Amino acid sequence: MATLLPPPKRSKIHHDGAEIDKVEKKAALAPNVIVQFVSEDDGKPLAPPVNLPADFAHQGLESLVNKLSRQEDDPVPFAFHVILPSSEAVPTAPTRIRIATSIEKDVLSSPLCPYSTEDVITIQCAPQSVFRVRPATRCSSTLSGHSSPILCASFSPTGRSLATGSGDTTARLWNLSTETPSHVLSGHKGWVLCVEWEARERKLATGGHDGRVYIWDPRSGKAIGNVLKGHSKWVTSLAWEPIHINATNPRLASSSKDGTVRVWSMITRASEYVLGGHTASVNVVKWGGGGQLDRGILYTAGSDRCVRVWDADNGRLLHVLKDHAHWVTTLTLNTDFVLRTGPYDYTGKEPSSDAEAQSLASARYKALTATTPELLISGSDDHTLFLWDLFSLSPPASTGSTDEGSRASGGKLKPQARLTGHQRQVSHVVFSPDGRWVASASWDNSLRLWEGRTGKYIATLRGHIAPVYRLAWSADSRLLISASKDSTLKIWDLKTYKLKTDLPGHTDEVYCVDFVADKVVSGGRDCVVKIWKN
């Protein structure tokens with residue numbers, strides 16, 4: 001015989017018809033807190049402290065900050081976070097709590113939170129891009145043509161064209177409107193190791209294992225002028241002179257395994273000067289703008305464990321940075337994105353002349369460096385990264401430096417921060433387009449996020465099961481994509497610090513990845529180029 005259950009107890013009803021237990025629970029879960037909104041850029045208060053319900057949603061916080069800062073007519077999206085006190089006992093502990101849902105759920109409920117409902121909670125406000133990039137979710141095209149692994153891939157600054165380099169000694173141009181091959185660039189006698197677009201998209205430079213540098217016309221696919229010869233070993237990296245410094249005939253810098261860096265003139269088709277300070281392979285070269293100095297600066301890193309900083313006008317050595325204990329293999333600048341894209345932004349405006357392009361590029365560069373100087377981060381096989389602030393205090397002395405290292409304020413120039421936590425070699429490091437984030441990839445199968453201005457640790461992103469080779473940011477700094485030896489690409493959401501989309505499809509290691517607009521390109525050992533879209 002089945003057992004009969006007693007009927008459920010009748011709930012007590014409030015005078016307005018709601019259940020008393022639920023009314024009391026709702027009141028208990030929504031305490032009020034006092035909040036002080038401050039700018040992440042300079043730490044200045046945006047408004048007097050306000051008293052808010054702790055369950056105030058993220059969208060409500062955005063509306064309130066815009067109203068308090070009198071931006072109602074042109075509202076700006078914001079990201080909010082709370083700074084945690086640093087822990088000397090656990091240096092890799094999180095340094096911030098991101099507010100994604102509400103103060104109550106993300107801050108007060110966190111075991112790391114040092115605040116109570118009786119404290120004034122200081123919330124850092126970081127303005128976000130006014131546009132949003134859609135994450136890629138599918139492979140729209142698989143482009144075959146290369147007969148050897150794809151070693152490098154790069155979108156043009158506007159995203160209209162794509163260039164790839166391969167071990168089959170050719171580079172290829174692809175039409176992204178039709179997602180079909182456009183031109184085959186033949187001339188190298190060895191692997192094509194690097195491709196680099198000029199910021200106006202008028203030229204494409206390629207460097208190869210044969211030690212030669214070719215300049216190509218992307219419209220015709222023909223080589224421009226003679227091949228640039230001079231390196232005795234293979235070319236490891238290329239960098240164009242920024243458009244805001246020279247819009248008419250920007251020069252090109254190339255680094256090589258032979259331990260030198262050459263700066264080439266596009267007018268004379270010859271090297272203007274050779275930088276020969278490194279005693280081993282130069283692994284990467286970057287051409288920056290020196291922040292508000294408005295002058296070209298060359299940054300080079302080599303297997304001699306040194307990072308060297310040069311005056312690009314005359315090739316004089318400005319700084320020698322010797323803090324790494326192993327090969328320095330990767331560099332990034334917080335201005336990399338605006339230097340790469342030059343006059344082009346999300347509006348798609350096309351400059352009508354070199355003067356207008358230079359003006360637009362200069363305005364974008366100065367807007368980024370108005371509150372933060374040009375910062376450099378170096379990554380090494382010693383498992384660490386260093387954050388360098390070289391030009392914010394005083395202009396570099398152009399009288400030259402010795403191998404004893406540069407002097408700043410009477411002492412040896414020291415890094416602003418040492419970024420530790422990776423367990424194996426750092427393979428790639430890159431600043432976000434807005435300069436607020438830094439992402440690093442390592443052979444320990446993980447990615448790490450750091451604050452772009454201070455170098456403080458934020459989070460570790462785990463999901464790959466093999467070394468991570470390359471990283472790329474979306475233009476709105478909200479998404480990060482990684483390419484790995486495990487044959488997958490992964491897109492990470494910077495709002496939650498978690499995996500957003502997994503992109504399997506390659507059948508072998510993925511060596512290169514690039515992200516522009518809402519398109520992603522990847523290539524690797526399986527000899528195919530894949531285009532990913534939403």
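Here, residue 1 is simply the first one shown, and the rest follow in order.
Note that Cβ sites are derived from N, Cα and C of the backbone, with glycine treated the same way.
Values in this document were obtained by computation on a predicted structure and should not be read as measured data.
According to TrEMBL, the protein has these features:
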- 33-82: domain 'NLE' (DOMAIN)
- 143-184: repeat 'WD' (REPEAT)
- 185-226: repeat 'WD' (REPEAT)
- 228-274: repeat 'WD' (REPEAT)
- 275-320: repeat 'WD' (REPEAT)
- 398-420: region 'Disordered' (REGION)
- 419-460: repeat 'WD' (REPEAT)
- 461-502: repeat 'WD' (REPEAT)
- 503-534: repeat 'WD' (REPEAT)
Summary of DSSP states over the repeat 'WD' (228-274), given as helix, strand and coil counts: 0 helix, 20 strand, 27 coil
Overall pLDDT for the repeat 'WD' (185-226), taken as the rounded mean: 94
Sequence-remote partners of the repeat 'WD' (185-226) [C-beta within less than 8 Å, at least six residues beyond its ends]: 148, 151-158, 160-161, 163-167, 169-173, 232-240, 242-243, 247, 250, 252, 254, 256, 258, 264, 266, 269, 339-344, 354, 357, 361
Top partner of the repeat 'WD' (503-534) among 143-184, 228-274, 419-460 - counted as Cβ pairs under 8 Å: 143-184
Per-state residue totals over the repeat 'WD' (503-534) - DSSP helix, strand, coil: 0 helix, 19 strand, 13 coil
Positions on the same chain near the repeat 'WD' (143-184), where near means CB under 8 A and six or more residues out: 190-197, 199-201, 204, 206, 208, 216, 218, 220-221, 340-342, 344, 348, 511-517, 519, 521-531
Spatial neighbours of the repeat 'WD' (419-460) far in sequence, C-beta under 8 Å, 6+ residues away: 40, 86, 91-96, 126, 129, 326, 329-338, 368, 372, 375, 377-381, 383-387, 466-477, 480, 482, 484, 492, 494, 497
